[in-house]
Amino acid sequence: MTEYKLVIVGGGGVGKSALTIQLIQNHFIDEYDPTIEDSYRKQVTIDEETCLLDILDTAGQEEYSAMRDQYMRTGQGFLCVYSITSRSSFDEIASFREQILRVKDKDKVPMIVVGNKCDLEGERQVTTGEGQDLARSFGCPFMETSAKSRVNVEESFYQLVREIRKDSRTDTKGPGGKGGKKTLKCLLL
């Protein structure tokens with residue numbers, strides 16, 4: 001069974017834990033208890049393939065930023081979450097992405113931009129179009145979610161797995177588009 005290491009990043013209070021717990025336990029937590037780091041596992045079937053999601057729910061607070069490099073190194077795909085009710089959390093997403101790309105030393109990493117709390121339309125500070133534009137500039141999918149109303153919760157995680165699958169298929173293409181990883185040869189003199 002394939003295992004996917006998913007990492008949820010974003011500022012404090014955007015609903016990363018609420019999304020994760022809604023996916024894992026089908027229940028909404030409405031009290032805010034800042035996360036340092038929590039790990040969850042769930043077996044699911046995505047596009048007729050049974051797989052294991054290993055989800056790392058991370059700290060949004062700046063005081064835990066030293067831990068970020070480690071989980072960014074090991075993660076295969078990233079849910080970059082902001083709250084539609086917080087302009088500053090939206091503005092932070094680009095720096096999370098830059099840090100992920102720097103740590104992984106890649107130009108592109110499987111990720112999805114997620115605008116959470118879409119049930120709070122009356123408090124919206126970030127338009128859907130702005131979220132779509134940001135995701136387009138990153139070359140990744142975009143979704144608005146609500147952990148409270150269970151809108152697009154499963155879909156956002158499942159779409160991230162599809163992005164990882166797509167990325168791993170393109171990674172294994174060698175010269176001429178045939179499968180198999182490229183091997184590099186070193187010669188020490």
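Heads up, residue numbers simply count up from 1 along the chain you see.
Note: Cβ is positioned from N, Cα and C throughout, glycine not excepted.
Among the ranges 32-40, 68-76, 149-157, the one that Swiss-Prot lists as motif 'Effector region' is 32-40. DSSP gives GLY10 (GTP binding site) a coil state; it is part of no helix or strand. Confidence over the motif 'Effector region' (32-40), given as mean pLDDT on the 0 to 100 scale, stands at 73.
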